[in-house]
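**Q** Take this structure, written in structure tokens, and hold onto it; I'll ask about it next.
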């Protein structure tokens, strides 16, 4: 075995929230999980006072539908600004048209430009209507899961809602992983599914699945449309729910006979969301924000713990850090909300976070948790997490406050508004406060020097960490990166220095393999001028490899950096550490020819007309990556990596900072 050399990379209770009171049982609650504030959609015209009963699925049966005209006089509808340009319909105002055409026009009125839709018997009418739209592009995935993940990539990279469409039965159920992923990672998504005709619902008709019931617990809300006249209101509500407050997925199930029925739409229907609107958190009170500033002034070792809830507040967060000098540790979902290469960045914390980020939390006396949910992959053993610190938790979702970790001070509200308010207080009191955490930062700098992110090189083998480091250098940290799930995902989080929000697209809460390639499709569609790279593992990549065909047909310049170690790397790492290296079905190659690369990923690319190359030696890697980046259009680079590599640092599940592992790999026994 070749001698190993080490390479190093250094990166620079008082609760003010109250639980919402239960809503009146007389009003339908079109939301089952969250009580949230909203942000207005500037693309929507104002509504009149006309109200229709909501058609929502019953908890007991998909065929039982609530059809009640609800009195909402006590809860005013939100006032929406008028669109700068009047929408011009291709239909005359009094011209009857199919429900499918009404649905497509409703999407157009929401400003939708792209959908990811795969046709089937129960959704054919929608696809026919899409062909009559001059403004909506359909990107045809090769699998419905690819479609929903692509819609997520579109939404995550742009901040706009992603739209996917599937047929009934298996088409709809193929969306399930994407809906669950969007819910856990707070991604705005509107999924539209075809359904069997109303008269067949509940009869076990061909390709009938009660998708509203199936997805009830993995969507922010869902609808079964039982009246064609409700389509304009339901679509407006779906987009509002998906994008307001804590974003999430909304599913709209449309029976085929509704799609075929002729009607004259009323575009002036008001949204009917009394329960949702009544549970909005109010803007943060100045007194609460001033108390947080006081806690900061009294602390000696504060640290910021920021998550996905800060992605829309990166400017305000940057100003807050500038005013306070507090170091920033990010969750996996929060990467990019603060530049990873800044001297005050501690990079990522948690199970595979940096030693110095976890050290900062362990030794802090004040933890400022903004837009986070205290996930188990971050906290480890809850009782030991930030045990010396006062905790301030700001989040838009009241359900997250105190769910896993009880804060000393909590504010349920928009992180952006809270940061703006605190920045104002800090600016006005700068001379009085004279914040100086230099001693604390020096202490953390010692930890950075002592425990930098590092990896070892063995002969000519290519360390996967090195491949990502080279990609970061050649793209100047400006590419949009998507990943699958596994070791490569963690290395991509560690060794690529994200400078801006929405550069990092990864399945965090659900951990869905197969996410990376279709997510890159969505990102490329939303950002046609950006460099989009799917950093993937061979296990994740092959789960949605069929989407190479979509990339080719749509002429998307998606690059794939495939870190191929022929194994399910993360599971194998746990086998090494906790199961005496007993291999339990984690080898993905051909057991009869273990020395051969199997399957040959280059042939998948060739079958879809995509240029591809393989690199096996470290000395050839930089040139190979540069060629990938310089080649117009899509490209696949198969990087053969040793399977013995481990993602380090590592805090075992349920462990504490004292359990952190910083050495070792699959080449030694445990």
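Cβ coordinates are placed from backbone N, Cα and C, and glycine is handled just like the others.
Just lifted these from Swiss-Prot, have a look:
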TRANSIT   1-55  transit peptide
COMPBIAS  1-48  compositional bias 'Low complexity'
REGION    1-94  region 'Disordered'
COMPBIAS  55-77  compositional bias 'Low complexity'
BINDING   144, 207, 487-488, 511-513, 538-540, 565-570  thiamine diphosphate binding site
BINDING   186, 246, 308, 331-332, 349-352, 371-375, 395-396, 414-415, 508-509  FAD binding site
BINDING   220, 246  (R)-imazaquin binding site
BINDING   256, 376, 377, 574, 653  chlorimuron-ethyl binding site
MOD_RES   340  cysteine sulfinic acid (-SO2H)
BINDING   538, 565, 567  Mg(2+) binding site
**Q** Tally every other Cβ atom lying within 10 Å of the Cβ atom of residue 539 (thiamine diphosphate binding site).
**A** 24
**Q** CB neighbours of residue 508 (FAD binding site) within 10 A?
**A** 25
**Q** Measure the Cβ-based neighbour count of residue 565 (thiamine diphosphate binding site), defined as the other Cβ atoms within 10 Å of its Cβ.
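**A** Neighbour count, Cβ to Cβ under the 10 Å cut-off: 23.
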**Q** Within 10 Å of the Cβ of residue 246 ((R)-imazaquin binding site), how many other Cβ atoms can you find? Include all protein chains, please.
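**A** Summing over all protein chains shown, residue 246 ((R)-imazaquin binding site) has 23 other Cβ atoms within 10 Å.
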**Q** Excluding 538, 565, 567 themselves, which residues in that chain have a Cβ inside 8 Å of the centre of the Cβ atoms defining the Mg(2+) site?
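**A** After dropping the recorded site residues, what remains is 537, 539, 563, 564, 566, 568, 569, 588, 589, 641, 643.
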**Q** In Å, rounded, how far does the Cα of residue 396 (FAD binding site) sit from the Cα of residue 567 (thiamine diphosphate binding site)?
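**A** So the alpha carbons of residue 396 (FAD binding site) and residue 567 (thiamine diphosphate binding site) sit roughly 40 Å from each other.
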**Q** What is the Cβ neighbour count of residue 220 ((R)-imazaquin binding site) at a 10 Å cut-off, with all protein chains included?
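**A** Around the Cβ of residue 220 ((R)-imazaquin binding site), 28 other Cβ atoms lie within 10 Å.
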**Q** Once near-sequence residues are set aside, which residues in the chain of residue 487 (thiamine diphosphate binding site), 6 or more away, have Cβ atoms under 8 Å from its Cβ?
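**A** Residues satisfying the criterion: 464, 537, 563, 565, 569, 570, 573, 645, 646, 647.
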**Q** In the structure shown, which of the binding-site residues 144, 376, 538 has the fewest Cβ neighbours within 10 Å?
**A** 376
**Q** So how far apart do the chlorimuron-ethyl binders 256, 376, 377, 574, 653 get, largest Cα to Cα in Å?
**A** 48
**Q** Name the one residue among 220, 246, 331, 538, 653 whose Cα is closest in three-dimensional space to that of residue 567 (thiamine diphosphate binding site); these are the binding-site residues.
**A** 538
**Q** Taking only the binding-site residues 186, 220, 246, 574, 653, which one has a CA atom nearest to the CA atom of residue 340 (cysteine sulfinic acid (-SO2H))?
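**A** Out of the listed candidates, the nearest Cα belongs to 186.
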**Q** So of 374, 574, which of the binding-site residues has the fewest other Cβ atoms within 10 Å around its own Cβ?
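**A** Result for the binding-site residues 374, 574: minimum number of other Cβ atoms within 10 Å at 574.
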**Q** Return the single residue from the recorded positions list (340, 396, 513) that has the minimum number of other CB atoms within 10 Å.
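**A** Lowest Cβ count within 10 Å among the recorded positions (340, 396, 513) is 513.
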**Q** Taking just the CA atoms, what is the gap between residue 220 ((R)-imazaquin binding site) and residue 374 (FAD binding site) in Å?
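**A** Counting only the Cα atoms, the answer is 20 Å.
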**Q** For residue 350 (FAD binding site), write down the residues of its own chain that are at least 6 apart in sequence and whose Cβ falls under 8 Å from its Cβ; none is a fine answer.
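**A** Same-chain residues close to residue 350 (FAD binding site) (Cβ under 8 Å, separated by 6 or more) are 331, 332, 357, 358, 375, 377, 378, 379, 380, 651.
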**Q** Among 256, 377, the binding-site residues in question, whose Cβ has the most other Cβ atoms within 10 Å in this structure?
**A** 256
